[in-house]
Amino acid sequence: MNPLALSVNIDHVATLRNARGGSHPCPVKAAKLAMQAGADGITIHLREDRRHIRDNDLARVAAEVDGRLNFEMAATEEMIALALKLRPPACCIVPEKRAELTTEGGLDILAAGAPLREAVARLAGAGIEVAIFIEADAGQIEAARAIGAQAIELHTGAYADDPTPAHLARLAEGARVAATAGLIVHAGHGLSYDTLPPVAAFPEISEVSIGHFLIGQSIFEGLPNVIARFKSIIKQARAG
Ligand SMILES: CC(=O)[C@@H](O)[C@H](O)COP(=O)(O)O
Ligand SMILES: NCC(=O)COP(=O)(O)O
């Protein structure tokens with residue numbers, strides 16, 4: 001079965017750092033430690049309101065951290081210009097609303113139209129692997145393929161919040177439909193020790209990005225130990 005990569009989202013190291021306006025804990029140091037502990041990559045969401053990750057965090061991780069950087073971004077001119085300047089290996093286009101506590105749902109590609117198509121073309125044209133963060137919906141998956149995305153990230157939030165068989169089955173079907181359409185399939189949002197195992201068993205998924213739970217659990221267990229446990233969960237899930 002194909003490998004499943006763990007991308008560690010360090011957004012909420014920055015949340016804690018920003019609580020006092022200082023420099024500790026340092027998200028870049030966390031990213032380096034995560035890679036040393038076995039993470040396969042780092043995900044960073046530079047939000048328009050900079051509520052957690054700041055521009056310098058992104059620039060430093062891009063310059064200093066070995067490992068696949070996945071830059072989560074809104075499809076705005078500001079973020080596109082930043083991505084074209086930094087040239088991360090991958091980006092993931094996500095919806096953003098200032099009032100949201102966290103990402104509330106997938107991007108509605110069907111409603112986005114020409115500006116999104118242009119953003120995808122500019123990013124992909126710069127050699128960046130472009131994913132779009134969407135619900136596990138066949139129409140959105142087909143729209144992602146048609147608009148030129150190489151990858152999708154399935155929003156696992158509804159399942160993570162309410163891990164019913166129906167929510168899991170929707171993700172499994174979405175992964176199958178996306179892989180059949182020739183898309184690279186990622187997944188993320190709200191995943192934890194308890195909710196990751198069945199998602200990690202989907203053979204079509206090649207990367208999961210995990211942040212909030214992982215960073216929070218690190219307070220109790222230490223970042224390396226939490227990453228080791230997630231890697232063990234993935235290994236066990238992939239062993240079938
Ligand atoms: C797109 C997604 O689900 C997360 O990667 C995103 O970063 C969540 O936003 P916050 O990190 O601000 O909660
Ligand atoms: N794209 C999902 C991600 O990067 C992390 O989401 P979360 O684990 O912080 O909810």
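Just so you know, glycine gets a Cβ as well, placed from its N, Cα and C.
Any TrEMBL annotation is an automated prediction that lacks curation.
Under the heading active site, proton acceptor, TrEMBL lists HIS45, GLU72. As annotated by TrEMBL, active site, proton donor applies to HIS189. TrEMBL lists ASN9, ARG20, GLY190, GLY211, HIS212 with the feature 3-amino-2-oxopropyl phosphate binding site. Sequence annotations record features per position, and here TrEMBL assigns 1-deoxy-D-xylulose 5-phosphate binding site to ASP11, HIS12, ARG47, HIS52, THR102. Look at TrEMBL and you will find GLU153 tagged as site 'Transition state stabilizer'.
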Neighbouring recorded positions, C-alpha within 10 angstroms of HIS12 (1-deoxy-D-xylulose 5-phosphate binding site) - of ARG20, GLU72, GLU153, HIS189, GLY190: none
Recorded positions compared (ASP11, GLU153) - the one with the fewest other Cβ atoms within 10 Å: ASP11
Candidate with sparsest Cβ neighbourhood (10 Å radius) among ARG20, HIS212, the listed binding-site residues: ARG20
Tertiary neighbours of GLY190 (3-amino-2-oxopropyl phosphate binding site) (same chain, Cβ under 8 Å, six or more apart): THR156, GLY157, TYR159, ALA160, ASP161, HIS212, PHE213
Among HIS12, ARG47, HIS52, HIS189, GLY211, the recorded positions whose C-beta sits under 6 Å from ligand 2: HIS189, GLY211
Other CB atoms within 10 A, centred on THR102 (1-deoxy-D-xylulose 5-phosphate binding site): 12
Largest separation between Cα atoms (Å) of residues that the record links to 1-deoxy-D-xylulose 5-phosphate, namely ASP11, HIS12, ARG47, HIS52, THR102: 12
Recorded positions whose CB lies under 6 angstroms from ligand 1, from ARG20, THR102, GLU153: THR102
Recorded positions clustered about ASP11 (1-deoxy-D-xylulose 5-phosphate binding site) [Cα within 10 Å; pool: ARG20, HIS45, GLY211]: HIS45, GLY211
Proximal but sequence-remote residues of the same chain as HIS189 (active site, proton donor) (Cβ under 8 Å, at least 6 apart): THR102, THR103, HIS155, THR156, GLY157, ALA160
ARG47 (1-deoxy-D-xylulose 5-phosphate binding site), number of other Cβ atoms within 10 Å: 19
Neighbours of HIS45 (active site, proton acceptor) among the recorded positions ASN9, ARG20, GLU153 (Cα to Cα, within 10 Å): ASN9
Environment of ASP11, HIS12, ARG47, HIS52, THR102, the listed 1-deoxy-D-xylulose 5-phosphate site - residues of the same chain whose CB lies within 8 A of the CB centroid: ASN9, ALA14, THR15, HIS45, ARG51, ILE53, GLY211, HIS212
Among the 3-amino-2-oxopropyl phosphate-binding set ASN9, ARG20, GLY190, GLY211, HIS212, as the record gives it, the longest Cα-Cα distance in Å: 25
